[in-house]
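The next block holds one structure in the form of structure tokens; read it before the comments.
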Amino acid sequence: ENTVSHEVQRLTVTDLDAPNSPAWRATYRIVGGDNGDHFTITTDPESNQGILTTQKGLDFEAKTQHTLYVEVINEVPFVVKLPTSTATVVVLVEDVNEPPVFVPPSKVIEIQEGISTGEPICAYTARDPDKGSQKISYHILRDPAGWLAMDPDSGQVTAAGVLDREDEQFVRNNIYEVMVLATDDGSPPTTGTGTLLLTLMDINDHGPVPEPRQITICNQSPVPQVLNITDKDLSPHTAPFQAQLTHDSDVYWTAEVNEKGDAVALSLKKFLKQGEYDVHLSLSDHGNKEQLTVIRATVCDCHGNMVTCRDPWTWGFLLPILGAALALLLLLLVLLFLVRKKRKIKEPLLLPEDDTRDNVFYYGEEGGGEEDQDYDITQLHRGLEARPEVVLRNDVAPSFIPTPMYRPRPANPDEIGNFIIENLKAANTDPTAPPYDSLLVFDYEGSGSDAASLSSLTSSTSDQDQDYNYLNEWGSRFKKLADMYGGGQDD
């Protein structure tokens, strides 16, 4: 049963006419017994047999046997009238396990959205078309949102989640579609499908919300920003809407609903510095369903509707960076000034009193004779061996020069000339030598004298023992002394 285009039987005929001629080819037709047009018969062109097939599915439970009457004639009518040949065909229907059938195949149920979990919705069952009693079990094949549950024995459908009519992902035109299965315990088991269509009725479960939720406004002569109000619910749970500012947002902002009640104008009523602020806007619909929405408002330093915001990074971060850069630059300038000033003020390499060039020495002579000053005789004999103290300087880069080798003072007086020339060359390359271009060498008078010859004057206890005539040879600067002492005896 339930098989379409199934070959039931082949009918064979005998014809003495020439094979494959029109007088030989047979034509078959069913003349009785097929009230439901379940069968059809055609001719095999090769064997000239009649092929009986089903063109509809046979139902064992409706009819177990079909008796058909088949007639056969030639394509070419007989020349003389002859009786036609007929055959009786009995078709027995074989019973097979048929799937359960839901009644009706598609079931429409109206139910209110938002019902509680576990609340019953409907019972959706199927019948078994077979004559034998078989047990049928039920389960859900496709439930996109997972909102339903089905009892496997009774087929009772209950709510397993919150049914939301406004869920556009799963609900189309207020209808939520679910597919269920019914399976029997036959051999082999068969399954039937059914469709459950839930028409969700609206309740006031959504509050109104404004769009957009981000605005930009000037803090000088601000232009009100219009926000459209939307509500997913159906009338009468929609407009007119009401607006109210909460969380102290009404201190700086105002919210007014238009005449139609489907939009709200948000405006700044007090000056605010540039920045981002949260405005708490509460909207309620005609059914007093309230919804709080936080509007993100960007306030700019501008006028009217010329909304332009400078990048806050420029002033919030650039100014401190510039200040730090200027402070660093000022510090560098101060350090540079101190370094240059330190370079200009240098300590003299020799104290002024140490410079004995072109100076007249006063020996404190008061008439009775000169008082010898205390000199370090050992320094006069050391000559070039008396090396000056090294002066540290920070205005020039250090250079590495090998220390010159000075020749020791010879014992032979005849070698004193070579001694001076060689040590002069060494002193010219000595970085520790005094910064003078001449070598100071005192006249050496021999080792027998305890005092070097500082002058030709000899010590005496009286002015009469001294001769001052040599002062006339010293020039005009000593003329007065020459007059005072040179001619004193004649007076």
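First residue shown is number 1, and so on along the chain.
Keep in mind that glycine also has a Cβ here, set from the backbone N, Cα and C atoms.
Here is what Swiss-Prot records for this protein:
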type     : residues : note
DOMAIN   : 1-102    : domain 'Cadherin 3'
DOMAIN   : 103-208  : domain 'Cadherin 4'
DOMAIN   : 209-314  : domain 'Cadherin 5'
CARBOHYD : N228     : N-linked glycosylation site
TOPO_DOM : 1-316    : topological domain 'Extracellular'
TOPO_DOM : 340-491  : topological domain 'Cytoplasmic'
10 Å Cβ neighbour count around N228 (N-linked glycosylation site)?
12
By DSSP, what is the split of the domain 'Cadherin 3' (1-102) into helix, strand and coil residues?
0 helix, 42 strand, 60 coil
Per DSSP, what is the residue tally for the domain 'Cadherin 4' (103-208) in helix, strand and coil?
0 helix, 49 strand, 57 coil
With DSSP assignments reduced to helix, strand and coil, which class does N228 (N-linked glycosylation site) get?
strand
PLDDT averaged over every residue in the domain 'Cadherin 5' (209-314):
88
